[in-house]
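**Q** Have a look at this one before I ask anything.
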Amino acid sequence: MASLHLRHIANAADSNSTIVGHWGYVDRILPCTNDAGSCAYLDAVYWMHDISMLYTFIMWAVIGGIFVIAVALRFMKPVATRKSIAGPEAQKMGASSASYRAWRASLAGLRRVLLPESLTAFFGNVTRLQLLILAIVLAYLLVFSLVGIVYKTWITPVKAHPGMFNTRTGLGGFSDRVGALAYALTPLTIALASRESILSLATGIPYQSFNFLHRWLGRVIFVQSFIHTLGWTLIEGNFYKPQPITYAAFIKEKYIVWGIVAMALITFLYIFSLRSVIKRTGYEFFRKTHYVVAAVYIGACWAHWSHLACWMIAALGIWGIDRGLRLLRTLLIHVGYVDGSKGFGFHAAQASIKYFDDVDGGVIRLEYTHNHEAWEVGQHFFLCFPALSVWQSHPLTVASVPGQHPESPRHVYIIRCRSGETGRLKKLYLELASQPNADSKDGTLTTPVVMSGPYGSSLLPSSGDSQLPEPTNILTVAGGTGITLTLPLVQLATSSPALLQGAAVDLVWTIRRVSNADWIAQELEGLRKRAASSASNLRIHIFITQESSASSSATPSVSSLQEKIQPDTHTQPLPSSSSVSSMEINSQALQSSKNFSVTYLTDARPSIEEIVRTFVGTRAEPAFRTRVVASGPNEMGKDLRAAVAGLCDAGKVWKGDGTRDLELVWDDRMG
């Protein structure tokens with residue numbers, strides 16, 4: 001950095017000179033005694049730098065303002081205040097306040113426009129709202145990268161080489177501007193990737209919802225770093241004379257070497273975070289290298305330009321807090337309670353393992369009871385399996401409803417075995433099964449589990465000052481092991497008539513084979529009994545996509561679902577051309593009964609749009625708004641977003657029709 005300091009001062013030995021400090025940059029010595037062009041250029045350089053620092057602070061002021069607004073909207077938004085209707089309709093609720101209907105109508109209108117997916121070939125499965133936010137961020141950064149730059153050129157003589165001239169422009173100030181913005185964005189990027197996120201805690205938005213913005217801000221930082229590097233390479237390697245002496249001296253400076261290291265590291269982070277590369281290298285490689293390389297990158301940035309180390313310190317602080325809170329959560333779950341046989345200390349949960357084999361890789365059912373604070377339905381834990389590795393954990397949604405105190409919570413997880421950690425879990429089961437006397441109790445195979453959590457939001461949040469949830473129609477849609485999200489919600493929502501006050505609840509589950517129902521056979525039997533009871537407004541629909549009914553010579557088509565909706569009834573089950581009896585299926589979990597239907601679709605998928613439209617038109621109570629909660633493959637999420645958006649109608653919501661006030665809760669983590 002010595003040569004940079006020399007280029008930006010006049011005569012340090014002059015007794016009349018004064019040192020002028022500039023935050024985030026090298027000090028300047030005035031008055032300038034160089035040629036007029038060089039002095040004018042230095043005036044522009046320091047002015048642009050000061051503006052750049054101002055813009056970084058303004059950017060964070062804007063971020064802080066958006067954060068405050070998001071928090072205020074969460075806690076100040078209108079809540080439902082309905083008056084009971086006397087007479088035969090006593091169980092239903094009357095119209096809400098005008099402010100609440102206006103709020104809900106506004107949200108419905110926004111969802112109609114912003115909920116569908118767009119540009120999926122490039123951005124993946126993201127909503128228009130996410131793309132709009134990204135576009136605003138990119139536009140903001142573009143404007144503040146270009147505004148406040150001095151667009152002039154100075155041709156100045158090289159003192160030690162008569163006849164040679166340096167070409168000085170605003171490129172240096174612009175390159176420093178994008179570099180400063182990249183530094184300032186680093187703490188935000190780390191915060192968006194944090195599991196223990198203050199953003200989630202304050203706004204109620206699940207931490208995984210910030211992943212899209214985290215990925216793209218990382219790519220923005222990569223582009224900014226590249227532009228910064230290219231700009232100074234052109235300046236020092238072409239515009240300054242003589243060459244190649246000037247560039248050779250420049251590239252050897254310590255801060256430049258660290259800059260090259262940082263550029264190489266951010267390039268590595270960018271390349272190995274691309275989906276196509278992750279598919280080849282594996283998620284575990286991506287996760288481990290991302291953590292390590294990102295930490296080294298922050299250190300390299302600090303070494304490259306220590307004048308702006310504040311941004312790197314903030315980034316490291318956020319990362320450290322996140323890691324510390326993760327460890328604290330784990331300790332709170334596993335340390336500090338009394339075990340009659342083990343006493344105090346760290347105690348891993350002992351989970352029973354059951355394996356369901358199939359051609360898709362198999363499914364593990366993990367089940368255990370552990371003494372800790374209960375979670376909310378819809379939340380998930382990160383599970384570590386010490387028998388596999390103490391350095392890896394996997395996010396898994398709990399497929400059970402926690403018991404009431406003092407009953408210890410019972411955990412159930414349905415895990416699809418793929419590559420990586422879940423594949424090794426399957427291998428562990430097979431190894432244990434081959435050794436009947438090892439880790440076995442009463443014939444049950446067990447393995448220790450260490451938890452961290454819970455994370456995520458409740459799917460049945462309390463309404464206003466009430467401890468009870470706001471009554472809403474609930475349509476749950478699951479594909480495969482996505483049932484882990486929807487099953488406990490349906491169980492809790494139908495556990496007491498007082499919870500939803502007569503609102504409709506439908507469980508739709510798409511599986512490939514009849515045998516898949518065995519994953520939750522016991523839970524399905526309990527829900528079947530509730531569906532058959534007149535006290536519960538519950539319907540269950542199961543679609544089997546890769547098998548046909550043994551008694552049917554023809555395969556039911558998807559078009560059979562598109563029967564005419566009858567808006568004057570609220571008891572008609574989802575149209576089905578193949579609701580079968582218990583004699584026609586192989587699994588005991590799929591015995592047909594009242595309000596419990598099974599549909600066979602050989603090599604086809606059910607129409608998601610028709611499922612949602614049928615629920616809204618024939619099942620949903622108009623007095624309540626409608627929530628669609630779903631988990632499954634990306635294509636299912638895309639179809640659900642389009643279907644929910646298409647049925648949102650701000651005008652009808654304002655008039656009090658809650659069925660057109662649809663909200664989608666989508667989780668693509670497949671347990």
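Our numbering is plain: 1 for the first residue shown, then up by one each step along the chain.
A Cβ is built for glycine as well, from the same backbone N, Cα and C atoms used for every other residue.
Small disclaimer: the values here were computed from a predicted structure and weren't measured.
Sharing the features that TrEMBL gives for it:
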type: TRANSMEM; residues: 53-73; note: transmembrane segment
type: TRANSMEM; residues: 131-154; note: transmembrane segment
type: TRANSMEM; residues: 216-235; note: transmembrane segment
type: TRANSMEM; residues: 255-278; note: transmembrane segment
type: TRANSMEM; residues: 290-319; note: transmembrane segment
type: DOMAIN; residues: 320-461; note: domain 'FAD-binding FR-type'
type: REGION; residues: 552-584; note: region 'Disordered'
**Q** Sequence-remote contacts (6 or more beyond its ends) of the transmembrane segment (53-73), Cβ cut-off under 8 Å?
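**A** Apart from its flanks, the transmembrane segment (53-73) reaches 23-24, 140, 144, 148, 177, 180-181, 183-184, 188, 199, 202-203, 205.
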**Q** Quickly jot the same-chain residues contacting the transmembrane segment (216-235) by Cβ under 8 Å, restricted to those at least six beyond its ends, or write none.
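**A** Same-chain residues near the transmembrane segment (216-235) but 6 or more away: 134, 137-138, 141, 171-172, 174-176, 178-179, 181-182, 185-186, 188-189, 192, 259-260, 262-263, 266-267, 269-270, 273.
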**Q** Along the domain 'FAD-binding FR-type' (320-461), what average pLDDT does this model show?
**A** 86
**Q** If you run through the domain 'FAD-binding FR-type' (320-461) with DSSP, how many residues end up as helix, strand and coil?
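**A** So the domain 'FAD-binding FR-type' (320-461) is made up of 28 helix, 45 strand, 69 coil.
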